[in-house]
Amino acid sequence: ECVNWDNLGKLHGGSGIPVESWVWTSFLRKVYTILSLQVLLTTVTSALFLYFESIRTFVHESPVLILVLSLGSFGVLLALTLHRHKHPLNLYLLSGFTLLEALTVAFVVTFYDVYIVLQAFVLTTAVFLGLTVYTLQSKRDFSKFGAGLFTALWILCLSGILKFFFHSETVELVIAAVGALLFCGFIVYDTHSLMHRLSPEEYVFAAIDLYLDIINLFLHLLRFLEAVNKK
């Protein structure tokens, strides 16, 4: 059953299941502990790729690597979705997925100036923390924005494909800005979901949602800052 965090210590939405505050605290601790470890691994991996010239050279000479990492990440994510309640298999799959995503992000950042990467990192951190605090304290219902966010995501994906045929710096700038704003929306939506829709057993799923939001926000900010610098 899903937990209604607004009714801690009461019965959940007519289901007859009592909910205690320690369930909420434990759930949040698990989610944000996993998320912190994911972000830490991604940050360290990216820093190593940026620091060592030999790694950057290898990456730039092996463009097919990004395709392998992306497909591997998608495959592990699919397996994790199917087995997210099977412990400890879900944690093994989570570790594998995080490592592949960390390598993917590290691959991408080697093509950007270190200063731009640091700017994007600081902005992503500040935006995520600000939106998280706002959503955790807000009484608004953000679930109604789900359909609009997912529709916008599909439009963004199609726009990303079209830009290969109609490339321009202005188009790149607009798509990157819209993408960054979109994933700000997803951070709010997914944070609200973990408080109001997900059950305590879904801590792995909740952490992955937020991790992907952070990664996508960071990558779109990278593209946006790069496009701004070229203007």
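Every residue, even glycine, has its Cβ placed from backbone N, Cα and C.
TrEMBL entries are annotated by machine, without manual review.
Marked as transmembrane segment by TrEMBL: 31-52, 64-82, 89-109, 115-136, 148-167, 173-191.
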Would the transmembrane segment (173-191) count as touching the transmembrane segment (64-82), if touching means at least three Cβ pairs under 8 Å and pairs must be 6 or more apart in sequence?
no
Residue list, the transmembrane segment (148-167) vs rest of chain: Cβ under 8 Å, 6 or more residues beyond ends.
175, 178-179, 182, 185-186, 189
Report, as numbers and ranges, which residues of the same chain sit near the transmembrane segment (89-109): CB under 8 Å and 6 or more residues beyond its ends.
34, 37-38, 41-42, 45-46, 48-50, 59, 65-66, 69-70, 72-73, 76-77, 79-80, 83, 117, 204, 207-208, 211-212, 215, 218-219, 222
